[in-house]
Amino acid sequence: MNGLKIAVIGGGSSYTPELIDGFIKRSNELPVKEIHLVDIEDGESKLDIVGNLAKRMVKKAGLDIDIILTLDRRAAIKDADFVTTQFRVGGLEARARDERIPLEYNVIGQETTGPGGFAKAMRTIPVILDICKDIEELAPNAWLINFTNPAGLITEAVHRYTNVKTIGLCNVPIGMVNMVAKMLEVDSKRIKIDFAGLNHLVWGKRVYLDGKDITDEVIEKLCDGGSLTMKNIPDLKWDKDFVKSLGMIPCPYHRYYYMTDDLIEEEKESVKTGKGTRAEQVLKIEKELFEVYKDPNLNQKPEQLEKRGGAYYSDAAVSLISAIYNDKKEVHTVNVRNNGAISNLPDDVVVEINAIVDKTGAHAITVGQLPPEVNGLVQAAKAYELLAVEAGVTGDYGTALKSLAANPLVPSVKIAKKLLDDIISANKAYLPQFK
Ligand code: G6P
């Protein structure tokens, strides 16, 4: 092995410095030779700005890693060892529309959850399947580490419709470990959480400190106002009776399902007061970030990146790549085939779960049955995801309608239909499958 070739699809993303930081920190265990940052022409030279920062970061770290900036996806993928995906079809403008359209019908407007996530999935599925065709042809042994949202659903599409070896990844589980550590004022390495569920709908079933079960203590802290959220989700407090009775830790995104009315109000308030939807806020943060990235003296991941929801992304991604490459047999929380791990879900669906990672992939650790209060929501969300994958591939209107109607956040078929029509019309340029 002469060193690894990594292809990053969506390399012009403002998150790329996170990823580069991850490769720098783990350079002693991962002999990376080339990182190809691939993107599309955007008229703003984002790829150049981020790519040049990446080059400065690698230089400062004294590493011999070639950073290649390119618009040629196939050349980047050819013979890659790992392909990571972090692209956003239609950019933040499309995300802003995904967030605004549902709000008109008094429905949650969110990047990955509810109808907003559905719209993003419809735009993304044709592109990811195209990328997978390239991987099958040009780098059949490569691992695809998918971070593109909605990450669980997109990983499901890849599993169902391609032969690419893939693992889906999200920063929520690692974020929860870090937040619990902060709550308890201990080093995050001492915290372990048994995760099970779906992406952006994952539960921390048990929490351990140095191997001792401290779930009840964490629940107490959470009920006493302890903070457990991401930068992009309002920190609404949980109902004590509910969480105590659940006996497990909900993820930040569960708020959209259990505090739907309050969050719709929050979102409407943001729009009314001119703060804008999250995408509109992020557009401003990104402008600042890219200005900072342009500074020729900047040669490390800047602090401002912490204003984004994707914290710890690099840790999750690069430690996973290292676990595969080094055959570590280490536990990671990933999106993979269930294979019986959650016994009330089919074997062939993708779940977010703790898994043992080695050079042959990620192997979900058995958790058994989910209790009824968790199972109900998971079944509904997975039914929605499976229908959405089919709709995203076929462009069949009826399947798309069934998918939205199955989404737990959509109140009726009437609203599902209005949402679908609006989504199709607002995204025409990105939905070749919907004729
Ligand atoms: C979290 C989620 C990501 C999501 C991000 C949004 O990290 O896990 O899936 O993309 O937040 O953050 P942003 O700063 O773009 O709102």
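Placed from the backbone N, Cα and C atoms, the Cβ positions cover glycine too.
DSSP classifies ARG95 (substrate binding site) as helix under the three-state reduction. Sequence-distant contacts (6 or more apart, same chain, Cβ under 8 Å) of ARG95 (substrate binding site) comprise ARG88, GLU111, GLY116, LYS120, ALA279, VAL282. The substrate binding site annotation in TrEMBL covers ARG95, ASN149.
What TrEMBL lists as Mn(2+) binding site is CYS170, HIS200. Same-chain residues at least 6 positions away in sequence with a Cβ under 8 Å from that of CYS170 (Mn(2+) binding site) are, in sequence order, PHE147, ALA151, GLY152, ASN199, HIS200, ALA316, ASN335, GLU352.
Averaged across the domain 'Glycosyl hydrolase family 4 C-terminal' (195-410), pLDDT in this predicted model comes to 96. Residues annotated as domain 'Glycosyl hydrolase family 4 C-terminal' in TrEMBL: 195-410.
For GLU111, the entry in TrEMBL reads site 'Increases basicity of active site Tyr'. Following the DSSP three-state reduction, the secondary structure of GLU111 (site 'Increases basicity of active site Tyr') is coil.
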Check your understanding: Do any of the binding-site residues ARG95, ASN149, CYS170 touch ligand 1, in the sense that the CB is under 6 Å from one of its atoms?
Key -> ASN149, CYS170
